[in-house]
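Here is the structure we will look at.
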Amino acid sequence: MQTSFSPATRLGRRALLFPLCLVLFEFAAYIANDMIQPGMLAVVAEFNASVEWVPTSMTAYLAGGMFLQWLLGPLSDRRGRRPVMLAGVAFFVVTCLAILLVNSIEQFIAMRFLQGIGLCFIGAVGYATIQESFEEAVCIKITALMANVALIAPLLGPLAGAALIHVAPWQTMFVLFAVLGAISFAGLWRAMPETASLKGEKLSVANMWRDYKQVLANRRFLCGSLALGFASLPLLAWIAQSPVILISGEQLSTFEYGILQVPIFGALIIGNLTLARLSGKTSIPQLIRYGAGPMIVGLMIAAGSTLYSSHAYLWMTAGLSLYAFGIGLANAGLVRLTLFASDISKGTVSAAMGMISMMIFTLGIELAKVAYLWGDSRGFNLFNLMSGLLWLGLVMVFIRRQPEAVATE
């Protein structure tokens, strides 16, 4: 049964309530990763495990974020966005409380995987609903502004985690994540609209396979989805590996480690604010081009400085900050163009985008760990530069294949 929903053309107070509730859950899910990373050294010490488990916590979390996306997009298309999203938020709250019962590093990592499943619902269900609820110019502004709120997590997470671990056990963090998730659940219950276009239709494996096959056969969609993954990989690799690089490698304190996150994620927020200001005045492809220069130059600075001296962590931070500004400027527009590169229902398209990105993140973070173990910060930053160059090549192909109407709007 086809259903229709008229996208909002402006941001009233009522229209904003849903994205604010969604971004609170996104914040909880992200800070559940970023805040625990500086505390992972305490976790591995409690379980008598090696520091090699530190980035594995994030790998498991992102692997969980890939696990069910293939199902949740089509499921929410046919069963409704609201019930699927609410079930995901509730599951996240339960798993955050369940981790308090673990007694080994293996159990901890397994529970991190289950918590990561909450990420599936943000992309495959939540953001699909956002894209369907608002017209393009409004949607890009919302996406950019939501990204700023969500990015408070990696900005404040390392600082808050480093501070909290000195005064309370790491388990306290997961109680906080559960409380944030519960508040988000209450808000989404009240405010989330139902935008599913195929609600009431039968969910079948054959139909799912047909839809995914059609989406993945779209070369422009593939270029955009792969580009989105490689764009964010250096940032996520930094979040995962920076406790080892800065605290274990450079012998910095947890407070100094947290301070060095501020310019990187502050630049990311500035990039998103710049995007919100330019949106509607500049074409989306041009915004992506504006972001490309800072991204590649920043990654080159980070790689070049550490090739000169493996302890040049301040220059590395400066380079990653410039890169972060570029990704803040380019990413939201690329998400929008990629999502609408296919005519298949947006739950399925969003799920496919999420699976491709999460696969790149999961494998890439482990490869970044290997690069660091093999070549210290030199290998790590060369890996990030390779990721940025792959993004650049894919984006060039993506923009070249775009419809004429998009190129000139």
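One-based numbering along the chain as shown.
Placement of Cβ uses the backbone N, Cα and C atoms for every residue, glycine included.
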Is S342 placed by Swiss-Prot on the same side of the membrane that R81 is on?
yes
The transmembrane segment (227-247) vs the transmembrane segment (83-103): 3 or more CB pairs under 8 Å:
no
Using a Cβ cut-off of under 8 Å, list the residues of the same chain at least 6 residues beyond the topological domain 'Periplasmic' (248-254) that approach it.
38, 41, 51, 162, 165-166, 260, 311, 313, 376-377
Can at least 3 Cβ pairs under 8 A be found between the transmembrane segment (169-189) and the transmembrane segment (348-368), with each pair 6 or more apart in sequence?
no
Could you tell me whether the transmembrane segment (255-275) and the transmembrane segment (348-368) have 3+ CB pairs under 8 A, leaving out pairs under 6 positions apart?
no
